[in-house]
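Below: the structure, in structure tokens.
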Amino acid sequence: GQIVYSIAEETERGASVGNIAKDLGIDAATLSARKFRMITGSSKQYFNINASTGALSVNEPIDREQLCELKSVCLLNYELVLENPLELYRMEFKVLDINDNSPSFPLSEYHINMPEFLSPGARFTLPNAQDLDEGANSVQNYTLSPDEHFYLEMQIRGDGSKYPELVLKKALDREQQATHRLVLTAKDGGNPPKSGDVPVIVTVLDTNDNAPEFEHSVYRASILENSPSGTLVVQVHATDLDEGPNGEVRYSFSNTTSADLQRMFSIHPHTGEVTVNGVLAVQRPLLEMLLEARDNGAFGMSSTAKLLVEITDVNNHGPEITITSLSSPIPEDAAPGTVIALLSILDKDPGENGKATCQISENLPFQLKPSLQNYYSLVTSELLDRELISEYNITITATDLGSPPLTTQKTVWVQISDVNDNPPIFSADAFDVFVEENNPLGAFLYQVSASDPDIGENGRVSYTLRNSTVAGSALTSFLSMNLANGSIYAKRAFDFEQLRSFHFQVEAKDNGSPALSAAITVNVYISDQNDNAPAILYPTSQNGSIAVEVVPRLADEDYLVTKVVAEDEDNAQNAWLSYHLTHSSDSTLFQLSPHTGELRTTRSMRSTDFLKHKVVVVVRDHGDPPLSSTVTVGILLADTLPQALPDFDDSGEPPPLLNATNIYLIVSLACVSFIFAAFLFFLAILRL
């Protein structure tokens with residue numbers, strides 16, 4: 001928005017101008033919080049804003065004539081910039097003129113030479129007074145001190161400007177009065193009016209009665225502002241009806257022409273050529289000078305003409321880029337359309353040469369939007385991602401519409417600040433951990449790791465165990481975790497025989513607000529150690545006695561005496577069992593299968609074999625080191641199961657030589673042998 005204030009120059013310090021908060025509809029209480037500031041191109045800060053009330057007051061009295069010189073309208077332009085959100089208001093102060101300057105003349109006194117033979121009605125140009133005030137406060141009229149020979153008359157030039165002329169009312173007589181002292185007074189239209197005086201000394205001459213006359217009262221010319229020294233502006237010409245030296249004309253600048261213009265231009269005294277004498281360092285498009293033509297008479301006569309020079313602009317000023325406000329860094333979640341910077345484009349050239357276009361590269365997530373006149377807003381055009389690009393160097397290019405066009409570039413560095421928009425990321429979908437049983441307390445098991453592309457607190461990751469149970473107990477009774485680095489430690493020794501595997505979840509959480517998290521499953525596999533000896537299930541002994549197996553006395557070869565059955569709670573090779581016969585009362589009678597544990601006879605039983613035998617079987621696993629168990633088996637040779645089992649010791653008892661059975665066998669064998677012999681004898685007799 002824009003607001004216009006009017007204030008009289010020389011207004012005292014502290015005087016109220018208005019209330020910027022009320023005039024712009026802004027809450028005055030927010031001015032300080034929104035970091036308000038006034039920006040102006042002026043070297044002085046003429047106004048103050050009360051941060052509490054928004055009252056606008058004079059900080060320093062303004063001298064309009066010093067500030068704006070001869071401009072008809074004196075304006076001061078300010079910009080009020082507010083942040084959060086970023087807003088720009090243009091304030092225009094129109095400085096009103098007061099009658100604080102009196103008219104003054106360039107010289108302290110003026111001399112006019114008049115021939116005595118001039119007739120009444122002869123005219124002489126008088127100097128113009130200068131008044132730095134404008135409008136009605138500038139010079140309005142002139143008066144001349146009373147004199148019987150002269151009176152004052154105002155004349156109008158071709159461009160409408162007025163100037164005073166001294167008119168001869170009564171013929172002069174040098175012999176009666178050679179010098180006339182007059183006072184020219186210039187008055188302005190102020191209230192109260194102010195005036196300035198200058199003495200006009202008229203010297204009466206008695207020669208050269210014709211003054212030079214210009215062909216035109218006003219000359220007009222146009223040149224380029226970059227014209228080099230020596231460039232011809234215009235050639236003026238004046239004629240004098242007198243003859244000889246009285247008719248020879250010399251040209252010069254009038255004393256009322258400013259010294260600056262006399263340094264920039266020169267006029268040839270004889271030809272009347274006006275040329276450029278230096279650099280045309282002016283800001284005004286139209287320059288006004290008074291030229292004087294004076295003859296070479298003993299008492300030279302003169303006349304003046306006005307020269308108006310129009311300075312044609314050339315495109316010799318490139319655009320100026322000014323960053324009025326910049327917000328950096330900006331958060332990466334800033335919505336499209338967020339204002340980042342406010343910039344102004346100024347080209348000192350007038351017209352088309354002073355108009356400029358502004359643009360930035362198309363491959364950036366930003367764009368320029370026109371704001372107030374000559375102002376642009378740099379805004380985001382799409383979403384930002386700090387993890388992809390953390391900063392931008394934005395080159396702003398301003399090009400004017402001159403021919404050829406001039407271009408200016410300025411680079412704006414914009415940093416992107418991080419927001420917590422990325423959760424932690426684990427390197428795998430799950431982690432497998434292998435641990436041996438019987439581990440020490442506090443043993444390190446594994447270290448999980450998650451990365452977070454955010455920075456600072458948003459990227460600092462901490463780890464926790466999610467609540468769960470393992471084998472009916474809380475997970476925290478089994479494991480502990482380092483929250484900072486994700487290291488997992490055992491709080492108890494694991495037993496493969498009781499728990500072979502379990503799983504749990506680890507949560508990784510960043511320290512952003514709000515915090516983002518991710519979870520991963522950790523599978524724990526407990527590996528077996530050979531910590532269990534084989535357990536013999538059969539045969540078993542009771543009350544410390546030896547297990548007894550009964551075998552028929554006439555058992556054949558490979559007869560299954562018994563089968564040793566054992567198991568091992570360990571796993572894999574730690575549970576692979578082998579069977580070994582470490583002791584036997586008769587090593588030739590029994591054999592043991594190392595894989596099945598079957599105890600068999602190696603031959604048929606003999607009558608000479610002991611009735612009692614004892615073997616010792618060792619069952620051994622394949623662990624490292626291996627563990628083993630033994631069992632002692634008593635073997636009784638009997639056809640029937642005895643009512644009472646005998647005691648087994650290390651020695652066997654041979655069977656008795658003559659018992660009832662043996663006698664029966666001997667008798668039977670003798671009878672058979674006798675009958676066979678008798679049969680052979682009978683056959684022999686029959687053959688003979």
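Just so you know, glycine gets a Cβ as well, placed from its N, Cα and C.
Where the annotation comes from TrEMBL, it is an automatic prediction and has not been curated.
As written in TrEMBL, here are the features:
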- 6-105: domain 'Cadherin' (DOMAIN)
- 106-214: domain 'Cadherin' (DOMAIN)
- 215-321: domain 'Cadherin' (DOMAIN)
- 322-426: domain 'Cadherin' (DOMAIN)
- 427-536: domain 'Cadherin' (DOMAIN)
- 561-648: domain 'Cadherin' (DOMAIN)
- 663-686: transmembrane segment (TRANSMEM)
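Broken down with DSSP, the domain 'Cadherin' (322-426) shows 4 helix, 53 strand, 48 coil.
For the domain 'Cadherin' (215-321), residue counts in helix, strand and coil come to 10 helix, 48 strand, 49 coil, using DSSP. Here the domain 'Cadherin' (106-214) is broken down by DSSP into helix, strand and coil counts: 3 helix, 53 strand, 53 coil. With DSSP classes pooled into helix, strand and coil, the tally for the domain 'Cadherin' (427-536) is 7 helix, 52 strand, 51 coil.
Taking H, G and I as helix, E and B as strand and the rest as coil, DSSP gives the domain 'Cadherin' (6-105) the counts 13 helix, 37 strand, 50 coil.
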